[in-house]
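Positions annotated as Zn(2+) binding site by TrEMBL: C291, C294, C306, C309. What TrEMBL lists as compositional bias 'Low complexity' is 191-203. What TrEMBL lists as compositional bias 'Basic and acidic residues' is 362-371. Annotated compositional bias 'Basic residues' per TrEMBL: 383-392, in sequence order. Summarising the annotation, TrEMBL assigns domain 'Ribonuclease PIN' to 12-98. The domain 'Nin one binding (NOB1) Zn-ribbon-like' annotation in TrEMBL covers 281-352. Sequence annotations record features per position, and here TrEMBL assigns region 'Disordered' to 191-217, 346-392.
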Amino acid sequence: MAVNSGPKAMHLVVDSAGFIEQAKLDTYGVKCHTTQSVLDEIHDKRTRAFINTLPYPLNIGVPTPESIKWVKDLAKKTGDYLVLSKTDIEVIALVYQLYTEVTGKEPVVKEIKRPTFTDKLFRCQKPPDLSVKSKSRKEILTDEDFDAELVMNEIEQELEHVQEEPLGGQIGVSLDDGEFNANEFGFGCDSDADSSSDGGFASEKSEKSEEIDENEWITADNFDEKLQEGLGLGALRLNEEEDIADDASPVPVACLTKDFAMQNVMMHAGFTLLALSGKIIKCARTHVLWCGSCYAHTTKQNSYFCAICGYPNLRRIPVTLHEDGQLEFHFSRKFKKNLRGTKFPVSRLKGGKHSDNPIYRADQRLPDRRAPKPKNPNVLPMGRKKRDTIDI
């Protein structure tokens, strides 16, 4: 069960993750709020029993249409509108509505730098030619001009100038003595090898390393000392977490969620986010749609097909717009393209009014599916009489 170790909120808006993980909501906020759509998403008996047995009231808020419109406009600027559901938008709208009611002022939205959309195809410059081309042409000898004896004589003359040196002089060990004394290097096999200076130094070094290893181990004797140091994990102690929770000043409105897209939108708006199991983003990001076929990008979040090449290969990529206008893309190294269904041939399109063909391009012609024309009202069908209630 998650417990808050950060600041406490006067009004806490809870997403479904707070109920599913059965967090102690009274440690996160004084008054807890949520929406009806969040409660409708929860179907398991365990979580519903937890909500019904809460020892404090749970306020069900209804966001206004103005607050929902404000959230949609902000999500389109940050590039998170496509990945936010209706429930997510209502939760963020409730946070915005409570913030304006409690503080009496509008939230200060961070400046979102968005690149302007252009229909030009951005391609990389051609890499420079690294091949070295020599200006002088080498003469190619034919088999008739090649003299093998002359070449061998030149090689023998060059080898005569090479001075041969004994191998032992280079290494510093005399190989003419016949026997190799291993004790001179401190790793002899005799039992009294510790009497040499080098062997004694090696034994002292091994003893020191053993002492260091013994001090690093957590035993029953030094457990209390290691616990004060955080057990070598660099974590906070329990009393430190309690001090942080007590000393932190309460905030007017906060939200408890694990959805990264919701956190990104609220971080751009300046709302307070409370971590649930430590899952919280550190910085706000801006996303664009990047085409994996022609490498063009667009900021239109409602587009499915690329405006340049027409392929449905748009991906949501976080970007950073620098002051000099340079756009930096942050691609994921773990991304794998979904190739499901690509080994099958494309199905042939069918005509007719009731055809249900897959959409492959933006300008694909769809069936009309118009409503049937009304029949002549003056002509009555067989077996129908004017005394029916529908004609009265």
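In case you wondered, yes, glycine gets a Cβ from its N, Cα and C as well.
No curator has checked TrEMBL annotations; they are predicted automatically.
Secondary structure of the domain 'Nin one binding (NOB1) Zn-ribbon-like' (281-352) per DSSP, as helix, strand and coil residue counts: 0 helix, 19 strand, 53 coil. Taking the centroid of the Cβ atoms of C291, C294, C306, C309 as the Zn(2+) site, the other same-chain residues with Cβ within 8 Å of it are G292, S293, Y295, A296, A307, I308, G310, Y311, N313, L314. If you count neighbouring Cβ atoms within 10 Å for each of the binding-site residues C291, C294, the highest count belongs to C291. In terms of local Cβ density within 10 Å, C306 ranks first among the binding-site residues C306, C309. Note on the domain 'Nin one binding (NOB1) Zn-ribbon-like' (281-352): mean pLDDT across this stretch is 86.
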